[in-house]
Each structure stands twice: as C-alpha cells, then as structure tokens.
Amino acid sequence: MVKVAINGFGRIGRLVLRIALQRKALEVVAVNDPFISVDYAAYMFKYDSTHGRYKGEVTTSGNDLVIDGHKIAVFQEKDPANLPWGKLGVDIVIDSTGVFKELDSAQKHLDAGAKKVVITAPSKTAPMFVVGVNEDKYNGETIVSNASCTTNCLAPIAKIINDEFGIDEALMTTVHSITATQKTVDGPSHKDWRGGRTASGNIIPSSTGAAKAVGKVLPELQGKLTGMAFRVPTVDVSVVDLTVKLAKEATYDEIKAAVKKASQGKLKNVVGYTEDSVVSSDFLGDTHSTIFDASAGIQLSPKFVKVVAWYDNEYGYSERVVDLVEHVA
C-alpha cells in the first residue's frame, strides 16, 4: 500500500480524497488544512453542491476523519515542514493548496519526512507531467506537477493532432467555469482587475498559462501554442476551443477518426469521444481529461481547423492527479 497525505482540503483536495479511497493501491493517512477543523472537514467532504453527497459514512473521532470506518488524521498546520509525514510513513504528499507549487516550497514536505510530492497546479520549477502525454518520461523525480486542468484537456488532443497531421501553430480559448478565487460581487483583485468582478453575472476574459505549458510536456510544440480564457457563470465543466494551422492537409473526418482511434486505444481513460449534441452539464463527474466533441468542430480549409473538447475541470483533473500518484509511486 502506498501511503498518501493530502495538503489543502479545497475543491481538488476533497475530490482527490473521494477518488483515492476507491483505489486499492492507495491508503490516505492524513489531511492537512490550516483553515479547516476536523468536524468541518467531515461536513465539507460529505456534502458537495456540485458532485453530490458522498455515498458512504462520514464521521469524526477525536482529531480523525472517519470515512467508511477508515481513519484519516487531520492537521491544521500552516508550515508543511512541521507535519509528521515521517512518523506516519507518508510515501506521497498531494499538495493541492495552490501555495506550495515550486521546488523550494514543496521541498518542505520532503523535509517533514515524505518521500515524494505531487503538486496539483502548474509549476515554473517542478517537472510537469500530463497522464497520457508524457508520464512515460518520469524518471524518479521526487517533486512533480500534474499541470493544470486545462493543460490536461488540451495536451492529449494537441498530441494526437500533432502526431498525425503536424501543428504549425495554434491558438486556444478555454471557456472556463468559475473557481474559488473569483468574487461573488465586485471586489478587490489587484493582480487581475477583471477577475475581481462578479463571477455569477459576467463573462470575464482572463489569462491562462495552460497552452504555453503544453510546450513543457510536449517540447515539439514549444512556441507553437498560446491561449486565453473566458470565465463564465457555470459552476463546473469547461470547454477548450483549439484553432489549428496544420502542417499536413487533412479532412475533418480524418481528424475525427484519429481522435476516435486514440480514445479507443491506450488513451481510453484519458480521452473521450462523442458525436452527440451535448452541453456542459452532460460532463459533470466525467473522469476523462478531455472529451472530443466531434460535431462541434469546424474546418475552413485543408490546413485550418477548429476542434472542441470538454472537461470536468474538477473531477476529471482530480482523477489524473491520483493516476499520477500511482505512476510515481
């Protein structure tokens, strides 16, 4: 059994716990969040406005969260270096705080006795891995990043298209559901003025490093891809719109066939494929990183095409976090 601790019990941390509990090879032994007491952790885990109630039994015992009889120690420590990871025999820490996402800060978990760290955010300094794209390049690094939910949606599709037809250049737009950092009403947001506007009543243009990050996990696309985001008032599920200038001429049917083939092969759990007339809520709880929407894409000419792919930016991403944990273990 691989012993796992979760640092940061927000949207991703809680879903990662739900998923990890279903994996036979993993044992979650601890959760740390300085802002959440043990009884509140139980409540937040049990009830979820987006993904519904947890189906099993959730209680507490002293400082432990007890899920279906399985005890998980809960800590409220601000500095990861002070956590008892060594004493608990923690193999891998999943850091979903969004705070400790660089090598120097994530190192604190190793100093506390953990063997490895998986960061659930893009990182400037830690190597980034996207399951289905470059996880085979993993070479024993102790601190790794699972990149972002949008990179996990975009990279597999970009890889399939690039492998088959070549990408000369591409622009991505993600139409992205709201996240915890946005505001319920207009409020201060000094780094991103637009991001401080009411989330539920606006379409908000935003920056994203997701497209450029594809160049880190697929070096052959370095400098060929960039993108931006629109934050829209939906609670979960987002969609990538990728406009591509192809190196080789292709019909849209050939592109569809290439993605469909990949979705039935070794990328089966990562890439989904649909020709149905779907909308965003149809993908709530979908475990794929990306679902290619064959009937939404369009083609202008043999080398100029727009493809569309959906993703549950919470649940699908959390599934890949746990996949990466199993892989680095």
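Glycine is no exception: its Cβ is also placed from the backbone N, Cα and C atoms.
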From ARG53, ARG194, ARG231, the one annotated by Swiss-Prot with SER148, CYS149, THR150, THR179, THR208, GLY209 for D-glyceraldehyde 3-phosphate: ARG231
Recorded NAD(+) site member, picked from ASP33, ASP39, ASP104, that accompanies ARG11, ILE12, LYS78, ASN313 in Swiss-Prot: ASP33
For THR208 (D-glyceraldehyde 3-phosphate binding site), the number of other Cβ atoms found within 10 Å of its own Cβ: 22
Listed recorded positions SER148, CYS149, HIS176, THR179, THR208, ARG231, filtered to Cα within 10 Å of ARG11 (NAD(+) binding site): THR179
Fewest Cβ neighbours within 10 Å, where candidates are the binding-site residues ILE12, CYS149: ILE12
Cβ contacts of THR179 (D-glyceraldehyde 3-phosphate binding site) (under 8 Å, same chain, 6 or more positions away): ARG11, ARG231, ASN313
ILE12 (NAD(+) binding site) and SER148 (D-glyceraldehyde 3-phosphate binding site), Cα-Cα, nearest whole angstrom: 11
